[in-house]
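Structure record follows, encoded as structure tokens.
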Amino acid sequence: MRIDKQANGGGDHEIVTSRSSDQVKEDEVDRACGTNGEKRNEYRILVGRPERRRPLGIPRRRSVDNITMDLRDIGWDGMDWIDLAHDRDQWRALVNTVIGWVLINQAVVGLPVAYVSYLMMKWRGSPPLRELPTFHWVLAEMAVHILMEEIGFYYSHRVLHSRYLYRFIHKRHHEWTAPIAVTAMYCHPIESIFSNMLPIFLGVFIMGSHVATAWLWFSLAILSTLNAHSGYHLPFLPSPEFHDFHHLKFNQCFGVLGVLDRIHGTDTSFRSTTAYARHVMMLNFTPPREAFPDESKCKAK
Ligand SMILES: [Zn+2]
Ligand SMILES: [Zn+2]
């Protein structure tokens, strides 16, 4: 992503971000005092395995510098995330870039993919348009849709985190370590097709779902991903902590439900955090950070 450098707009503190500056600072602290295993994994994801393959003479970089390195790569020389969130002009430029890519993914990529999906459903055969499925059948199909999305998203997402693909494709989506809802579709077009659209279409194709069921499922899946990237842990809605943690740490929580992360052990760090305790649907109006307060991270370690 390229951002033209603009004059500082005065540092307005009312910018809506998914984490407060205090939380962002805490996350920075967390990175600085994170476990060695996490640092090693983060390094491996972003810059390969330099421990083994680093040519002689090239200094070893600390993994905590990776985020700064990422920011520098995309044109934010010397700025850290906290300064960025407090600069209204840069913030606007950043969000406008995101919106531009989302529109490209929706129109230039999404519409042709929707047409190809239509042709595939026509080839496969689907139930008559004027005959609606029963409520129970919709629920049964929805269970398959959810399962196929978990499988499709988890594995495609892990492939995108391989050192060959991360830098060229998935890195754009990870520019936001504290995402906001609109960044849900802020990604490379290839990622948009194979990791966003295909997993939610997989179940519909396998089951030959009615167009009304497909419409319902797509709407729920889009609402779910918007919620997961919103950074707001709202009452009576699924918790966004899981995917939020993925954006923060890069090497944890690759799936949607977390089932495959548990099986593959890619949620071990997450399960040792307060974010995991907080990862529940709030059934009252108590703020989650009040119900599950953060421990003093460095002191505790
Ligand atoms: Zn994401
Ligand atoms: Zn990722």
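The backbone N, Cα and C atoms fix where each Cβ goes, and this holds for glycine too.
Any TrEMBL annotation is an automated prediction that lacks curation.
Per TrEMBL, the range carrying the annotation region 'Disordered' out of 1-34, 35-68 is 1-34. Outside the transmembrane segment (200-223), and at least 6 residues removed from its termini, the chain residues within Cβ reach (under 8 Å) are 117, 120-121, 124-127, 129, 131-133, 138, 141-142, 144-149, 151-152, 184.
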